[in-house]
Amino acid sequence: MSIEGVLEQGFVTTKADQLINYMRTGSMWPMTFGLACCAVEMMQAGASRYDLDRFGIVFRPSPRQSDVMIVAGTLCNKMAPALRKVYDQMAEPRWVISMGSCANGGGYYHYSYSVVRGCDRIVPVDIYVPGCPPTAEALIFGIIQLQKKIRRTNTIAR
């Protein structure tokens with residue numbers, strides 16, 4: 001948290017911006033947007049072996065309750081408006097993780113007429129998790145990278 005100084009009187013001094021960002025990283029609530037086989041790996045990351053709940057990451061069923069969206073799988077042209085609508089319903093500040101090669105750039109179905117070549121054409125993406133499908137460890141690493149990015153942002157100046 002980049003604590004500036006610990007005083008002998010028994011309290012800590014820091015900036016409000018750093019404290020807010022530190023608290024945000026401890027309670028990230030992702031909205032699952034599972035479209036294909038990458039969603040199975042996302043479910044595995046929330047299951048008992050990896051247990052994302054211990055990191056304060058609790059999957060939420062509603063976009064109004066979440067601040068992170070994990071797009072996992074092939075995004076078709078028909079699902080693109082739904083993705084944008086769910087993204088717009090999320091409260092600020094919000095972040096997006098693109099999981100898998102299909103969500104990142106179209107993947108194996110890149111040349112299909114009905115596939116969007118990356119969900120970053122519809123919503124702004126903060127973290128890309130590569131793989132086909134990416135493992136649960138890769139998703140957890142992507143979430144850790146997002147936490148580091150959140151700590152670096154300037155929240156109050158937004």
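Keep in mind that glycine also has a Cβ here, set from the backbone N, Cα and C atoms.
Swiss-Prot lists C37, C38, C102, C132 with the feature [4Fe-4S] cluster binding site, giving sequence analysis as the kind of evidence.
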Chain-internal residues near C38 ([4Fe-4S] cluster binding site), provided their CB is under 8 angstroms and they sit 6+ positions away: A72, G73, M99, G100, C102, A103, P133, P134
Env. residues of [4Fe-4S] cluster site, Cβ within 8 Å of mean position of C37, C38, C102, C132 Cβ: A36, A72, G73, T74, M99, G100, S101, A103, G107, G131, P133, P134
Most Cβ neighbours inside 10 Å, all chains, among the binding-site residues C37, C102, C132: C102
Where C38 ([4Fe-4S] cluster binding site) sits in the secondary structure, as DSSP reduces it to three classes: helix
